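So the structure is just underneath, and the comments pick up after that.
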Amino acid sequence: MAGSKYTYVRNFELPDPLLPGTFMVFRLDGHSFHRFSDEHGFTKPNDIRALELMDHAAKDVMEQYSDIVLAFGESDEFSFLLRKSATLYNRRQSKIVSTLTSLFTSSYVFRWATYFPDCPLKYPPSFDGRIILYPSAREIRDYFSWRQTDTHINNLYNTTFWALVQQGGESTTQAHATLKGTVSKEKHEILFSRFQVNYNALDARVRKGSTLVREEIPEQSIPNDNGETPTRPDEPLESVAPSSIRMRKRTKPRTKVVVLHCDIIKDDFWDSRLEILSD
Ligand code: ATP
Ligand code: ATP
Ligand code: MG
Ligand code: MG
Ligand code: MG
Ligand code: MG
């Protein structure tokens, strides 16, 4: 394409490739969600509608980008793991960060009314995004352990804090003071002895955060082109299907994104999903 005398300004745009062969973690976080959650009346300590909306936006992102193999979310943040071999947008950093952040944000807004039917958005929310590169599976395991430990620490604090305020009649300033310097065991004790709350019996969603993975859909349950589930799943496809259908026989199994609320610090989660940390 012919250039103009102005075209040279393009040369100021520098390439920003991410190192090949490394794991990418993309994390986004709500901008000023302390305020956003106040203005939109989030229930404290955990507004379940808001958490489900975050999960849904993350699912939308994962469904559009097959290089994402895992996602973990808590509060106003989500982390996404992209496989080592990902070549998405030629691994251009700002292209990936801006596109994923923007898709998540627009999905959050797009689906807002489904989760908050009685509370119109008062202003457009935004998220920041970043990518961190990690050389090996060890750091990836530790990264996700770090985030889930953070979920636990924050949730224990917030649960105790809001019990002191909502049931204990303390002001927020008093509740902060009550909790100052307390260790985890003491918070469990306050919850149990003063408010009869067994922390470990709370919803796993708030204690463990949300983990999104791809799970294989069993062949039998995939509907055919007429929307019907095949009635004879054991029949070899070749013997019944016309050649036009045989041509489209999938080589990769179909998957769907599922939301779990489970431990991702121990080995079990990873041992049963070796594909997450493979190339
Ligand atoms: P920054 O812009 O620096 O991220 P922030 O105000 O978003 O500032 P965070 O540390 O990200 O601060 O914390 C997010 C805050 O949003 C939480 O402390 C909490 O007050 C609120 N929040 C997020 N999700 C929920 C939820 N599901 N229920 C209740 N409150 C929530
Ligand atoms: P990329 O993701 O690489 O940016 P793209 O499809 O967005 O790919 P662009 O070079 O950004 O490609 O071009 C945007 C295209 O969107 C235009 O070529 C045009 O086809 C379409 N488009 C954008 N705005 C308008 C508009 N106001 N009216 C009609 N078409 C538009
Ligand atoms: Mg932040
Ligand atoms: Mg935030
Ligand atoms: Mg946050
Ligand atoms: Mg464009």
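Residue 1 is the first one shown; counting continues down the chain.
Glycine residues also receive a Cβ, built from the backbone N, Cα and C atoms like all the rest.
Features of the protein shown, as given by TrEMBL:
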- 6-135: domain 'tRNAHis guanylyltransferase catalytic' (DOMAIN)
- D29, D76: Mg(2+) 2 binding site (BINDING)
- D29, G30, D76: Mg(2+) 1 binding site (BINDING)
- D29, G30, H31, S32, F33, H34, S75, D76: GTP binding site (BINDING)
- 139-266: domain 'Thg1 C-terminal' (DOMAIN)
- 214-248: region 'Disordered' (REGION)
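The structure, with features from TrEMBL marked on it.
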residue: D29; record: Mg(2+) 2 binding site; Cβ neighbours (10 Å): 15
residue: G30; record: Mg(2+) 1 binding site; Cβ neighbours (10 Å): 21
residue: H31; record: GTP binding site; Cβ neighbours (10 Å): 13
residue: S32; record: GTP binding site; Cβ neighbours (10 Å): 12
residue: F33; record: GTP binding site; Cβ neighbours (10 Å): 18
residue: H34; record: GTP binding site; Cβ neighbours (10 Å): 10
residue: S75; record: GTP binding site; Cβ neighbours (10 Å): 21
residue: D76; record: Mg(2+) 2 binding site; Cβ neighbours (10 Å): 21
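Across the structure, D76 (Mg(2+) 2 binding site) and G30 (Mg(2+) 1 binding site) place their CA atoms 5 angstrom apart.
Within the set of binding-site residues H31, S32, H34, no residue has a CB atom less than 6 Å from any atom of ligand 5. Secondary structure at S75 (GTP binding site), taken from DSSP and collapsed to helix, strand or coil, is coil. For the recorded site, D29 (Mg(2+) 2 binding site), the DSSP three-state label reads strand.
The GTP site is defined by D29, G30, H31, S32, F33, H34, S75, D76, and by the 8 Å test on Cβ atoms against their centroid, the other residues of the chain that qualify are F36, S37, E77, F127. Only D29, in sequence order, out of the binding-site residues D29, G30, H31, F33, D76 have a CB under 6 Å from ligand 3.
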